[in-house]
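Chemist: First the structure, which I've put down as structure tokens, then a few questions once you've had a look.
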Amino acid sequence: MSWIDRIFSKNTTSNSKKSNVPEGVWTKCTSCEQVLYRDELKRHLEVCPKCGHHMRIDARERLVALLDKDSIVEIAADLEPKDILKFRDLKKYKDRLSAAQKETGEKDALITVSATLYGMPIVVAALNFSFMGGSMGSVVGSKFVQAAEKAIELHCPLVCFSASGGARMQEALFSLMQMAKTSAVLAKMKEKGVPFISVLTDPTLGGVSASFAMLGDINIAEPKALIGFAGPRVIEQTVREKLPEGFQRSEFLLEHGAIDMIVKRSEMRETLANLLSKLMNMPSPFVEPELIQEKSDDV
């Protein structure tokens, strides 16, 4: 074999090895830009193991990681959006819906379930940002209301994970109506003494932040989540000024009293269980039975 044949042979072998690596095995952190093994990132619940950056996570993956195994029962799973206004921008609304449904496997942006968390009954809603930016339309509003009413019926807490760009413009006034609708059912929950915990994730903006997302009895945020009404770019263009560093991020909002606490995704399950046990006047799931017995003997 001549020297030129050997070079071509090496190149061919190298290219063939590269092509054998399946797509999607590796990904890059959107913050530190470290190359990460996809399965490892999934094990860390989409949190970068190098820098701790919280990336966006699929709503169903979040629910499975949070709730007790085999306890999840979906609420209002049959609701599906309709193009009542025959809305069209660059595309028809019905085409956008079809594309989002095909991409995510969901009928709309909100998933609502009843389940248990460390054995405690709970109702949970989670917005999926991958479905049209987690935007709130009539189905999202209706599913949220049904979840809240289920929580009232069971007299158990409602927890909502928000990840949304706001109201869905393709539904116009129908989407704006959901702001009042969701706020009204939360007022009803308050009257009945049923707690609501709102968890704000990246991003929570627009009509969602201006309605149910900021109405929790306790408002929690994930680290460095973007939270506000308009995004920072829009604000800067409007006021023609540079915003402070970290403006509208979780840490800024906590410092200024707009939220109650910041909780890492890996600690969310235990934190929620502790909070809910206190709100519902139930024993903490992390107190050992022997300790409870010792306390009762002392009394």
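Glycine residues also receive a Cβ, built from the backbone N, Cα and C atoms like all the rest.
Okay, these came from Swiss-Prot:
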BINDING   Cys29, Cys32, Cys48, Cys51  Zn(2+) binding site
DOMAIN    25-294  domain 'CoA carboxyltransferase N-terminal'
ZN_FING   29-51  zinc finger
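Mind mapping these onto the model and telling me what they sit next to?
Modeler: There are 12 other CB atoms within 10 A of the CB of Cys32 (Zn(2+) binding site), with all protein chains counted.
Residues 57, 61-62, 65, 264-266 of the same chain sit 6 or more residues outside the zinc finger (29-51) yet have a Cβ under 8 Å from a Cβ within it.
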Chemist: Given a 10 Å Cβ-Cβ cut-off, pick out the one of the binding-site residues Cys29, Cys51 that has the most other Cβ atoms nearby.
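Modeler: Of Cys29, Cys51, the one with the most crowded Cβ is Cys29.
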Chemist: Specify the count of other C-beta atoms within 10 Å of the C-beta of Cys48 (Zn(2+) binding site).
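Modeler: Looking across every protein chain shown, the total is 21.
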